[in-house]
């Protein structure tokens, strides 16, 4: 066969991080079928969909079962009823004004952050914080922007911005000119946040260097500390240089239901090969119209329900449940004498392995000796080596049990 493969796929690490974790866990479970594993690795939720969400879902399905209210293909960008509620509830309280045409409903922030790079030329220089959510890097490797990976674990054409304990997990601005910057706050995996003053430095950099910020705000609903920005658009000038991604996965338990959105302000312009300004919003709209048929009507009605008074109350109860879990994890690990980060305005807890044990080795220790599944920090990039991530998304009972098991280990 003469068909040629996309050669850039050969540059990707063999297994996606969470696929490798699942492989190791499945292998161990088969060998030890009686082991009661507590999974605190992948960021999947355990609380069921809120009652108001389920009811809205059912009503929408019933509509599709009636000839008078049946709907076929929906708008690729999303139904106005959900877009308008997004603007009214998620942005207006922050003082951010948006148009319907600037909000795009999708089936996940992972899809959006992975797909958005398709709009840009292969020769753009991207920058990522390190450690980093793997999708940002892998999608650019697939597109041919990364170059080869060196022995140090870094791709040669990607600019890495270390976020470590030495800089309080606040990466420095790039020392060189970059074109596209991926930021995620509250951060995955470290669970840390930026102040408005710190985020403004990134917006200023983007203005000064004609750069674009791709801002992943999937975990903003966990922010409790006053003054921490929930959106990059709270920063003056950000609508000229940023795109924002959000998700209903964690805030409303939609990990299996699939619904999210991104905001592409009409003020954002990029340049073509001749240096002419090109508006970004229509490009994303064109991409979605070609490659995406939209989120189903029942799912969008279900998502809309979280903005009702009852829905907001139910969603907050679930968020509070996970926040309590995060507090249990953080306090328990600190009592063990471990260095712990995150878990305050985030569902993720990032902690230093004891005695400088490498990430995958400590992952195996927790798996085999405590029957707790974690995520090794090295899977998020070289600066993640020597750390592990735990999530607050299991049940409260399992969370307490997991901490008790870990506390009994001899490091």
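Backbone N, Cα and C define each Cβ position, glycine as well.
Note that this is a predicted model, so its numbers are computed, not measured.
Noted in Swiss-Prot for the protein shown:
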BINDING   16, 43, 110, 133, 188, 293, 389  substrate binding site
BINDING   73, 109, 110, 133, 188, 219, 247, 248, 249, 258, 293  pyridoxal 5'-phosphate binding site
MOD_RES   250  N6-(pyridoxal phosphate)lysine
Tell me which of the recorded positions 250, 389 sits in the most Cβ-dense spot, judged by other Cβ atoms within 10 Å.
389
Among the binding-site residues listed here, 16, 73, 133, which has the most company in the form of other Cβ atoms within 10 Å of its Cβ?
133
Under 8 Å by Cβ from residue 43 (substrate binding site), same chain, sequence gap 6 or more:
188, 249, 250, 255, 347, 348, 391, 393
Hey, does DSSP put residue 389 (substrate binding site) in a helix, a strand, or just coil?
strand
Taking only the binding-site residues 16, 110, 389, which one has a CA atom nearest to the CA atom of residue 247 (pyridoxal 5'-phosphate binding site)?
110
Counting other Cβ atoms within 10 Å, pick out the least crowded of the binding-site residues 188, 247, 249, 293.
293
Tell me the Cβ neighbour count for residue 110 (substrate binding site), meaning other Cβ atoms within 10 Å of its Cβ, over all protein chains shown.
19
Residues 73, 109, 110, 133, 188, 219, 247, 248, 249, 258, 293 binding pyridoxal 5'-phosphate per the record - widest CA separation, whole Å:
34
Reported as an integer number of Å, what is the Cα distance between residue 16 (substrate binding site) and residue 73 (pyridoxal 5'-phosphate binding site)?
33
According to DSSP, does residue 250 (N6-(pyridoxal phosphate)lysine) sit in a helix, a strand, or coil?
helix
From the Cα of residue 73 (pyridoxal 5'-phosphate binding site) across to the Cα of residue 293 (substrate binding site), what is the distance in angstrom?
7
